[in-house]
Structure formats: C-alpha cells, structure tokens
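Participant: According to Swiss-Prot, the protein carries these features:
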ACT_SITE  His276  active site, proton acceptor
BINDING   Gly50, Ala51, Ser52, Gly53, Asp54, Leu55, Ala56, Lys57, Arg84, Lys184  NADP(+) 1 binding site
BINDING   Lys184, His214, Tyr215, Leu216, Gly217, Lys218, Glu252, Asp271, Lys373, Arg378, Gln408  D-glucose 6-phosphate binding site
BINDING   Arg370, Lys379, Arg383, Arg406, Tyr414, Phe415, Lys416, Asp434, Leu435, Thr436, Arg500, Tyr516, Trp522  NADP(+) 2 binding site
Amino acid sequence: MATQHFTNGSATDDGETALEHIIKSLETPTMKCEGTHFDSHVPHTFVIFGASGDLAKKKIYPTLWWLYRDNLLPKSTKFCGYARSKLTIEELRAKCHQYMKVQPDEQAKYEEFWQNHDYAAGSYDQRSDFVALKERLSSLESCNCSCNRIFYLALPPSVFERVTVNIKDICLAERGWNRVIIEKPFGRDDVTSKKLSDHLASLFHEDQLYRIDHYLGKEMVQNLMTIRFANKILNSTWNRENIASVLITFKEPFGTQGRGGYFDEFGIIRDVMQNHLLQILSLVAMEKPTSCQPDDIRDEKVKVLKSIPALTLDDMVLGQYVGNPNGVGEQREGYLDDPTVSNDSNTPTYAQGVLRINNERWDGVPFILRCGKALDERKAVVRIQYRDVPGDIFEGNSKRNELVIRVQPGEALYFKMMTKSPGITFDIEETELDLTYEHRYKNSYLPDAYERLILDVFCGSQMHFVRSDELSEAWRIFTPVLNEIENNKVKPIPYVFGSRGPKEADQKTSENNFKYYGSYKWIGKK
C-alpha cells in the first residue's frame, strides 16, 4: 500500500493511521505554531525552473511524486516544468523514471500524477518566453479563482537574476501567495552573496524566499532542538564547564566522478562547510529560543553566528585526494586525474576548520568542522565530547563521555559512557546508551530531507530555511580564509583515496582538546 512508504500504517489512539493524522493536521487552519498547515482546497501550482537538469530528475520530481502519492499535497496541485531543452511530458517522465521508486500497486496514482503536469521550453532571459509561460500556467490552473504558486529555481547562478526579474514582472499569481525556493550556491563570498540578497530583496519579501539547505531537512538535524531543550539532563550540561569540544564531521567515500569542473569552481568549504556544517553548529550552539516560531529560532542562530570570529588559515587543514594504487576503479584516480579539472588545481577536496564562539556559554570550547571527499566511509555525525572526570580513581582507564548524533547513514543517538565489565573482575569498559532509529522506530518511515522541506514551503514554514542575515554572517566567517587560500595559492595536503584524510587533521583535532581513543566502534543494535 502507498501509505507504507510513510508510516507503515501505525495507528494513533483514536484509530487513525499516522499518515491520516498527518494529512488531517496539514489541513487544519488553527494550529499553535506558524507554518504547520495549508489550505487544501485552494489550487496550488508548483513551477520547476531547470526541469531538465540533474537536480530536478533526481530529487525534485521524485519528492513531488512521493508527497502526491501519500496525499500530503493540497488536493488541487498542478506541476509545470520549464527549461531550455525542448521536451515532451513523456520524455521528461522517462528522464525521471529510474529515480521515482514506483511500486506496482501505485501505477494508477502515478499516471494521475503525470496527468497534472505541463512543460514549457524557453530561454531564461527572453521576456516573451515568460509571457508564454504565464499563459500556460493560467491554462493549467483552469479556474477563475485564487491560486498559490511556488517557483523552484534549480538553476545555475549565471541565469539567476534574469529569471527572478521575469518571475516577478510576469509570472506571479495575482490572487494568491507566491513563494520562491532557491538552491545554493548563494554566492561565492560576502560580496557576491550580498549582491544576490540585495537583488532578491528588491523583488520579494523575505517571507516569500526559501533558501534551501537540504541538511536542515534531515531527521537528526531537526531533532537537535528537541534533544537540547526538552531534556534537562542534557540542557544543564550544555556549556563550557562540562563540554571539552565539539566535532561535526561530513565524509563521502567517492570523488568528483567526472564532475570536477563544477566542484573545482567552489571547493569543499563552499560546498559543505560554509552551509551544511555551519548550520548544524548554529543549532548545537544557539541559546534557547523564546518559542518554536521560525523567526524566534532563526534569531538565535544569527546571534550565535555573530559571536564567531572570522576563520584564518591557522585554523584550517586543507587536503586534496590522490589515487590509491591499491584501490579499485575510481579509487585509483586522484582529483587531478579528473578530465574536467585543471592539472594545477589547488582546490581542496578536504577541509577542517576550528571555530570559536565568544560568548559566556562556549568561551574556550573549540567547534571542529571537518568534511571531505574520497574518504574511508560515508558518514555525517556530531560528537559532543565532555570533559575528563576530575579526581580520576581508575588509573587513567576512564575515557570521556560523548554524546553522538548520527545524521547519516542509519540515524541514531547514543551516549558513550564507562561501566564495569561484566564478570568477577573490577575492570571498566566503554559502552553506550543507544537509540538507533531503525530498531526503536521500526514502523516509522523517515522521509527524505527534500520531502520535509518542500512540504514546509507549501505550509509556509521557514524554520528550516536560511534567512538573509544568517547567510551574511556565514560568509563573514568564511570569506577571509577563502580569499587567503585563493590569493596565496595554498597547496592542499595530499591524502590517499579511501583514507581518513590528512594526518595533520587528526593532529589539529587533538591540539584542540578532542580525544580520539580508537578503542571503541559503535555498530548499532543487531
């Protein structure tokens, strides 16, 4: 059944399935928190610019299908793709098909989904093409009533300004709200980001803009606030008196896979650290907001970002992967072997930065951000490492407590602690209190990050989207070191494809009060 994708049909106390409960809540007009519902009976149109591209076929269209299939969109939702490529609906459908995960018993619903689609080919800078698009949207909506429109810009930065001007001048709904979803990159530095933000502010109100960072849609990232502020045992220790250091890690086991040309323009710092990892840091470190309203939360994120000094080169370790002669396939090729990358490129594929927060709660606690490609595993994890126990009586055998929030893969929350080894001796050992989602929540489906975020746009919740002042502070922190790296042509440290990364990164981590014991590996419950 289609509902198995979302909840496996688990029931609430009144007999509703969890999915039915969610659908009902989305249609409820009286909710305590902003952005938790939509008007199901008002027509909505979802317009995808860049509809023929990779992001659209791999993420956007599959996400829209999953939401449509599970009845999580307003009842009268239509979809329209727009790109330069001349495609029929059937050709567009064929491009997307392998990513849609359609089950045999969902075929009728899938046909219905595509019957609600249109597609228009046109340029991104010709006003006449946008006039034609407006006419197609009006025809698709086919009603003389109010209609809400969402515009998703899955586009390269080079066409961004012209497209947004044409949307504003020509394509907005006249009797309904309009919302614009924007994909990164949000500029290359503080200057280009401000230029883009000023341009958007001249066209749209901030409450119409949804700057998407898909990491903010991940289950464990969204869980950070609850972990912190709904548990006194953790909240009361969340400070410099108890926490020694924080390590936020993002690792990918693959290289650029022939797409290094795009990556080479931005590098790992802009691609991952300045956005995904810094957003996680802000949720870990921010003060308690006055409520769960989106702007109360984003206000606190901005406050903590303002307390972080700009990074310098001394705070960084930079690396670039080289081929592994003992590897197989792609592992034998280094970054510079990618034919789309310049032979003398100094672009880092690995970066580690140590950030400091100059406020009362975190003064002296290093926040270590590390990310890289072509490493030994796929993993995103937050490690909150506590200080050593004062007055040790266990002859140096006691290890630090550590709260570990595993973002991906295999969502989990576990707390590393010391216990007596079972048996007749009085030895101690490291173990964990473990909440592994796939075992504790067997009947629950964890939706893809894009599902959560696109649904948030329909509901009008900006809680998990980046505000312009957040973006400004992020670039203030990173622009000086990016300029220093590029102006001085800093050479990254070579590391072997499939390794942990440069050894210098582990040394820098140790210097910043994070102890890596290497004596214990979490494997999750069997």
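Using N, Cα and C of the backbone, Cβ positions are placed for all residues, glycine too.
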Participant: Tell me which of the recorded positions Lys184, His276, Arg370, Arg383 sits in the most Cβ-dense spot, judged by other Cβ atoms within 10 Å.
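Facilitator: Max Cβ neighbours within 10 Å, all protein chains included: Arg370.
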Participant: Quick one: of the binding-site residues Ser52, Tyr215, Glu252, which has its CA closest to the CA of Leu435 (NADP(+) 2 binding site)?
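Facilitator: Its closest listed neighbour, by Cα, is Tyr215.
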Participant: Round to a whole number and give the Cα-to-Cα distance in Å for the pair Lys416 (NADP(+) 2 binding site) and Asp54 (NADP(+) 1 binding site).
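Facilitator: About 40 Å separates the two Cα atoms.
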Participant: Just name the winner among Arg84, Lys373, Lys416, Arg500 (the binding-site residues) by count of other CB atoms within 10 A of its CB.
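Facilitator: Highest number of other Cβ atoms within 10 Å: Lys373.
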Participant: Given Lys373 (D-glucose 6-phosphate binding site) and Arg500 (NADP(+) 2 binding site), what distance in Å do their CA atoms have, once rounded to a whole number?
Facilitator: 10
Participant: Taking only the residues the record lists as binding D-glucose 6-phosphate, namely Lys184, His214, Tyr215, Leu216, Gly217, Lys218, Glu252, Asp271, Lys373, Arg378, Gln408, what is the largest Cα to Cα distance between any two of them, in Å to the nearest whole number?
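Facilitator: Site span for D-glucose 6-phosphate, by Cα atoms: 22 Å.
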Participant: According to DSSP, does Tyr414 (NADP(+) 2 binding site) sit in a helix, a strand, or coil?
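Facilitator: SS state of Tyr414 (NADP(+) 2 binding site) = strand.
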Participant: Please state whether DSSP places Leu435 (NADP(+) 2 binding site) in a helix, a strand or coil.
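Facilitator: In the DSSP reduction, Leu435 (NADP(+) 2 binding site) maps to strand.
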Participant: Which of Ser52, Gln408 has the fewest nearby Cβ atoms, counting only those within 10 Å, among these binding-site residues?
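Facilitator: Per-residue Cβ counts within 10 Å for the binding-site residues Ser52, Gln408 bottom out at Gln408.
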Participant: What is the separation, in Å, between the Cα atoms of Gly50 (NADP(+) 1 binding site) and Glu252 (D-glucose 6-phosphate binding site)?
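Facilitator: Between the alpha carbons of Gly50 (NADP(+) 1 binding site) and Glu252 (D-glucose 6-phosphate binding site) there are 26 Å.
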Participant: Using the alpha carbons only, what distance in Å do you get between Asp54 (NADP(+) 1 binding site) and Gly217 (D-glucose 6-phosphate binding site) once rounded?
Facilitator: 20
Participant: Sort out for me which one of Tyr215, Tyr414 has the most neighbouring CB atoms within 10 A, since those are the binding-site residues we care about.
Facilitator: Tyr215
